[in-house]
Amino acid sequence: MRRSALLLALAAAVIALIPVVAPNLFYVHLAIVTCLNVMFVLGLAVIARVGQLSMGHAGFGLLGGYVSALLAMNLGLPVPLGLLAATLAAAATAALLGWIILRLRGVYFVLVAFSFGQIVVLLALGMEDITQGANGLVNVPAPAVFGYLLNTKTAFYPLAVAAAALVGTGVWLLFRSPFGDAMAAIAENPRLTESSGVDTHVYQVVAFSIGSGIAGFAGALSTHYFQFISPDSFTFWDSVSYLTMLVVGGRVGVWGPILGAVVLTPLPELLRSTQGLQHVLYGAVLILVLLFLRDGLVGLPARLRGLRRTSAPHPILEHSPERPS
C-alpha cells in the first residue's frame, strides 16, 4: 500500500512538473494528447471487461465531438454542459446500438461496430448544412473555468490531467465493484455466468454504453482543445491505435490501459514526419507483446520475477553417507 502511494505521489509530481520542465510547448501538447488517449483507452477497457472489443470506438469520439461543438457554436451552450451532452449522446447511442448488436458473437460484433464508425463519418460528410462537410467546424469555443479561458496549451493542460484522473478513478471504482466482478466473470465464461442467474446481455450493453460514453466525452474534450473537428478527426486508424494501446498496456485493470496510452501516444507524434512508419511500429510492438507478454506491459514485472525464480540456482542437497550396518 505504501509503495503504491509513493508511486502515485511520484507520478503526480512528474505530471505537475511537465509544463515547467518541458523544453517547449510541443511536449505540453504531447502530454495533453496522452491524457486524451488515456480516456479513450480506458473507455475501451470497460468494453473489454465483458469480453468485447469495439472497432468503432473512434466513431463515438467523433459523435461526441460534433455534439459538443454544435451545441456550443449554435446554441451558445457552456462547454461543461456540452461535454455532458456529448457523453450522454454517445452513451445513449451505444446503449441502443448495443442492445441490438451485442447478441452477435465474435467477428460479427466487430464488423457491425466498425460499420457504425464509418456511418458516423458518412453522416458528418453528408450533413454539410450542419457539420460543414469535409471542411469541418472551425473556431470551436475553448473551455473556460471561472471565466478563465483555457485556449492555450499551458492553460488547457491541468484540465486534461484532471479529466483523465477523473475517468481513471471512475473506471477503477467500477472494476472494484460487484458490477465489475460480474463483468470480469462474463468475459471469463459467459455461459457459466448466465447459468448463475446473471443477465449477461444487460451487463454487456451497460459496459458498451459506459465505455462509449467515455469515448464521447474524450472526443468532445479533444474537439474543444483543438478548436476544430472534421470527419477526419477520428478515423478507423484511431480505433486501431486505441485497441493497440489497450493490448500493449494490458487489458486487465486500470493501469494497463493507462500505461499503453502513455507509452504509445508519443510514437506517432514524434514520427509524424515519417509517413506510415508509425503504423509499422505499432504493428511490430503489438506482435512482440502478443508473443512475449500476454498480459501486456503491466505484466512485465511479474514476468521478470518469474524468470528470476526459474533462473536462480537450486541448492544442492548433500546426503551424508550411510553408516555400514
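Each residue, glycine too, has its Cβ placed from N, Cα and C.
What TrEMBL says about this protein:
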type     : residues : note
TRANSMEM : 26-48    : transmembrane segment
TRANSMEM : 60-77    : transmembrane segment
TRANSMEM : 83-102   : transmembrane segment
TRANSMEM : 107-127  : transmembrane segment
TRANSMEM : 157-175  : transmembrane segment
TRANSMEM : 201-221  : transmembrane segment
TRANSMEM : 242-267  : transmembrane segment
TRANSMEM : 279-300  : transmembrane segment
Per Cβ pairs under 8 Å, the stretch of 201-221, 242-267, 279-300 packing most closely against the transmembrane segment (83-102):
201-221
I'd like to know if the transmembrane segment (201-221) touches the transmembrane segment (242-267) in this structure, counting it as a touch only when three or more C-beta pairs sit under 8 Å and are separated by 6 or more positions.
no
Considering the transmembrane segment (60-77), which listed stretch of 26-48, 157-175, 201-221, 279-300 counts the most C-beta pairs under 8 Å:
201-221
